[in-house]
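What Swiss-Prot says about this one:
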- 46-69: transmembrane segment (TRANSMEM)
- 135-158: transmembrane segment (TRANSMEM)
- 175-199: transmembrane segment (TRANSMEM)
- 273-291: transmembrane segment (TRANSMEM)
- 343-366: transmembrane segment (TRANSMEM)
- 382-408: transmembrane segment (TRANSMEM)
- 430-452: transmembrane segment (TRANSMEM)
- 532-550: transmembrane segment (TRANSMEM)
- 574, 583: [4Fe-4S] cluster binding site (BINDING)
- 590-611: transmembrane segment (TRANSMEM)
- 658-680: transmembrane segment (TRANSMEM)
- 669: divinyl chlorophyll a B1 binding site (BINDING)
- 677, 685: divinyl chlorophyll a B3 binding site (BINDING)
- 686: phylloquinone binding site (BINDING)
- 722-742: transmembrane segment (TRANSMEM)
């Protein structure tokens, strides 16, 4: 007898309605809720999924390598990276006739192709790849790695090769392994690749499988390393006249501290990058020997955290705390076990760190690009900034989601009595109300300033605008070396201690050249009143998103309205039998509502980055400076003017190479708008609609020959909200992604 889906939940499998299908899909990855799941089995299944996850990433990379080698123009681009447009892949069947076929036959191709805006060409070129053959070899190597990963995932599900629960919970061993092996060795291995392959290639010296054992990466070999003369590796760096990829102006240094960027490639010096990675690798390997594992020496997390409490004789705060709260606190008692026994807590921390890193990458690629010539490919820069910022917001929302699930499923009040977690829960009203106050202050003041400026400009008196200079941010820029503001502080003052110390460092250094370059090159662009206002607008969005997420997590166990909320789970429905008036207070609902704010916030942040850079790249900073101080300036001079190019991708006079982006822009709007239908209409609407359709179906000839076993039941409100927020997010991303790429490409290619 065939088992009905889902096999992991007999309760759901026996549900006679369509709820069986949707709830089955919703809980497919919620391993904890599956029938017969033990803690050990849970860890083992998750461990195996890591191998699958890595395999998917590997297949993606291999697919990119293969398709660019097959259908791209990598070798032509390598010969002239500043003038040849990189091709992502061919378009096999361009619809809609000869017009679009001609429009998309671009970048020197003989057939319709897509232009590559992912930066992959720049990455592969920078790390030393030069030919299609090398791309094919890379794809094959990664495919072999993927096969090993898939085998490893399968193997670790077999009875003899399943790790034990104790192995998973040995936090010290895991930390040592992650620090020393995963971060330490891989950083040093990457330094090895840069020193042995990428840096020689950047100097016109090919290094491949045929000669990598015979080509010395440095004229003196390992002698300086073993004699302690490490400074030799920093001597004779590439000159400012170095032509990237050739020996012209090339030096011999492999580990430098030059600062700034390579004048021709616009990217960080490769020798600086190799120095960065070897330093991180060494620190990580030292860090990977800190925790007690095999030899009974080193730290344990439990001792560290238990020592951080005001009962401990060595705690410096014990007296002060007693005076303030009237009793001894147990700051970190129980925290180690709480984290070590909660996968949701660990995942929340990991997502928060990775989300922050993704946002950092977005900024880093614009301010300090590491790939050769990517700084001059403006469309790619804009696309990658947008891409990484959107990734960051979803990871951060996920961090708080799993924090909330931790409080519902894993938090033990007894084990955490009077420690820092318990205190956060006890003082949540103060935390939430303060955040609320900050949001209102930011929102009312920022909007009021914008609206005031809009009104006075509309009445023809722009001189009456309230324009606030961001003096604190300018102070930070000046402290880092920007001299245009006339603030003589730290590096902006040639006689300050940091400036004198920097001047005393041996060799040449180029940080000051970069920070004081023209706006389209400088990593610290000049800022003024428009930046001040949009900064506070973005701060409003960030604080409101944080407020919704933090409130959702801290109220996940219970609130004044619903003290026993934890008993209802993470995403309780509010449209079935049960408690009324609780529709917006599950922890899931907070994530759902925060996603809208997160999308709004990241749109504002990306609008800001994109418009300011468009102005800088076009040599017209005045447009941004004058128009960004009022809302109509943003609507008219950024959104409307840049949308016009995309909307022109389809018109009565024919089509152009922006047409695919134009259709994506339109389709994205439609998907986005569809979301509102699900967000506004609640369960009764869908149930009536479904019953009407069922009635019509059962009374229509031919159609009524097809029946179903599951009784059609409408979406719950939670499900409708999920469908709604998914359409909203996907539509938002498609619309803005198409906007960023098309509006930038129409100006710069």
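Numbers here mean position along the shown chain, with the first residue as 1.
Glycine is no exception: its Cβ is also placed from the backbone N, Cα and C atoms.
Feature annotations (Swiss-Prot) mapped to structure.
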residue	record	CB count, 10 Å
574	[4Fe-4S] cluster binding site	20
583	[4Fe-4S] cluster binding site	15
669	divinyl chlorophyll a B1 binding site	15
677	divinyl chlorophyll a B3 binding site	13
685	divinyl chlorophyll a B3 binding site	15
686	phylloquinone binding site	18
Stretch of maximal Cβ-Cβ contact with the transmembrane segment (273-291) [cut-off: under 8 Å; candidates 46-69, 175-199, 590-611, 722-742] = 175-199
Ask   = Compared by Cα position, which of the binding-site residues 574, 669, 686 is the closest one to residue 677 (divinyl chlorophyll a B3 binding site)?
value = 686
Query = At the Cα level, what's the spacing in Å between residue 685 (divinyl chlorophyll a B3 binding site) and residue 574 ([4Fe-4S] cluster binding site), rounded?
reply = 15
Key: Secondary structure at residue 677 (divinyl chlorophyll a B3 binding site), reduced by DSSP to three states   = helix
Key: For residue 669 (divinyl chlorophyll a B1 binding site): DSSP state (helix, strand, coil)   = helix
Query = When you check the transmembrane segment (590-611) against the transmembrane segment (382-408), do you get at least 3 Cβ pairs under 8 Å, counting only pairs 6 or more apart in sequence?
reply = yes
Between residue 669 (divinyl chlorophyll a B1 binding site) and residue 583 ([4Fe-4S] cluster binding site), the C-alpha gap once rounded to whole angstrom = 28
Ask   = Is the transmembrane segment (382-408) close to the transmembrane segment (430-452), in the sense of at least 3 CB pairs under 8 angstroms with a sequence gap of 6 or more?
value = no
